[in-house]
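If you look up Swiss-Prot, you'll see T231, S232, E233, E285, T384 marked as L-serine binding site, on the strength of sequence analysis. The ATP binding site annotation in Swiss-Prot covers R262, R263, E264, V278, E349, L350, T351, S352.
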Amino acid sequence: MLDIQFIREHTDIVKESQRKRGESVELVDEVLSSDTARREALKAFEEARAQQKEIGKKVASVPADEKAKLIAETKELSQTVAEYKAKADSAAEEYTTAMWRLSNIVEPEAPEGGEDDYVVVKKVGQIRDFAAEGFEPKDHLTLGAGVAGIDMRRGVKVGGSRFYFLRGQVARMQIAMLTMAVDQAEEHGFTLAITPTLVRPEVMRGTGFLNSHADEIYRLREPDDQYLVGTSEVALAGMHENEILDLGNGPLRYCGWSSCYRREAGAAGKDTSGIIRVHQFDKVEMFVYAKQEDSYKEHEHLLAMEQEMLAKVEVPYRIIDTAAGDLGSSAARKFDCEAWVPTQGRYRELTSTSNCTEYQARRLNIRERMEDGGTRPVSTLNGTLATTRWLVAIMENHQQKDGSIEIPKAMRAYMGGKEVIEPTKWEA
């Protein structure tokens with residue numbers, strides 16, 4: 001949610017942000033109109049109530065012959081007050097509804113355009129020349145089957161499309177990767193949290209995911225009115241809902257480990273095989289509560305953390321600055337790290353890090369205590385540190401001619417010193 005005072009004073013900036021996102025510019029006028037109606041209705045209600053109280057005070061002190069008249073006026077005014085109260089409540093509801101539909105203000109540096117209008121910030125690593133090595137690279141699904149590590153057939157049998165089993169050494173590789181991510185996060189001062197994967201509607205709405213991504217989210221049927229999270233960002237944001245934080249010693253940094261669930265409603269025909277786009281996966285997510293003036297520095301820090309992790313798994317990648325029209329409603333700016341996938345001949349997203357400024361904090365009422373005793377909303381930021389999809393890039397970029405998979409050096413200590421995952425037959 002945005003600051004209404006900012007919207008009043010900088011209407012053009014908010015409208016320009018909506019335009020860059022490809023969202024309704026007229027919504028800004030709707031917010032301002034409902035704001036005016038809300039304030040006018042509230043003023044009328046408060047004036048009528050004050051008048052009612054004033055007359056009520058006089059009843060006890062006036063002569064008996066005047067009391068009947070004042071009592072009649074009080075009753076009549078009570079009806080007026082009730083009507084004004086109803087109008088004020090209705091106006092407040094319309095205002096809140098409009099405000100919650102507004103997306104965060106895009107940072108001026110974010111590129112304009114849609115999904116394909118990102119800007120490549122830099123490329124890191126050397127893309128392998130498999131032709132020079134004398135063999136055609138296998139895709140991750142073929143490699144996974146060859147080492148008895150990815151079972152899509154039985155995953156579909158159990159859960160339906162886009163489900164899978166990770167088994168054996170590939171399952172161990174995921175655990176190793178996620179554990180390595182947690183260790184790195186803790187080394188940088190993040191606190192590990194195993195988070196809930198079911199959240200209340202108020203928390204999901206507060207993070208902004210019900211604005212533009214509602215169709216991607218699983219929701220439990222009544223009477224259990226809860227949502228399955230697509231990232232631990234949701235739970236970590238809700239953890240300090242309605243709290244006042246002490247950021248005097250620096251940002252609060254969390255590292256969330258959770259299973260994640262996504263409907264992939266808009267993904268018909270995309271990545272229908274393999275584990276790139278699935279309904280359930282595991283992820284380690286960074287989440288930060290920071291002072292408003294520190295959010296940009298923290299955003300750079302999260303991006304550096306992602307790059308450090310990518311260096312450990314030794315895959316070529318690039319960083320892109322996401323265009324305004326491809327930002328989620330909460331993000332003011334977002335950077336993605338995309339790894340090279342040899343068999344697809346293109347880069348695929350592995351991480352994203354977003355600066356949500358005060359947008360989520362205002363919606364969830366999360367503030368910090370200031371030195372003067374006052375409070376103000378904090379900034380929230382998030383970033384991926386490792387997720388199931390990383391296995392695709394690791395397996396394909398580290399494959400050998402015989403179908404084996406070389407384990408990245410940094411991960412070997414997490415796999416008992418093992419250096420290579422050898423081809424093996426299914427036991428069952």
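Note: Cβ is positioned from N, Cα and C throughout, glycine not excepted.
What you are looking at is a predicted structure, and each value in this text was computed from that prediction instead of being measured.
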(request) Work through the binding-site residues one by one (T351, S352, T384) and point out the residue whose CB has the fewest other CB atoms within 10 angstroms. (result) S352
(request) Measure the Cβ-based neighbour count of V278 (ATP binding site), defined as the other Cβ atoms within 10 Å of its Cβ. (result) 22
(request) Within the same chain, and leaving aside T231, S232, E233, E285, T384, name every residue whose CB is within 8 angstroms of the centroid of the CB atoms belonging to the recorded L-serine site, in sequence order. (result) V234, L236, G256, S258, C260, K283, V284, M286, F287, N382
(message) Within 10 Å of its Cβ, which one of these binding-site residues (T231, S232) has the largest number of other Cβ atoms?
(response) S232
(request) Would you count the other C-beta atoms found within 10 angstroms of the C-beta of L350 (ATP binding site) for me? (result) 24
(request) Inside 10 Å of the Cβ of R262 (ATP binding site), count up the other Cβ atoms and send me the figure. (result) 20
(request) Measure from the Cβ of R263 (ATP binding site) and count the other Cβ atoms within 10 Å, all protein chains considered. (result) 17
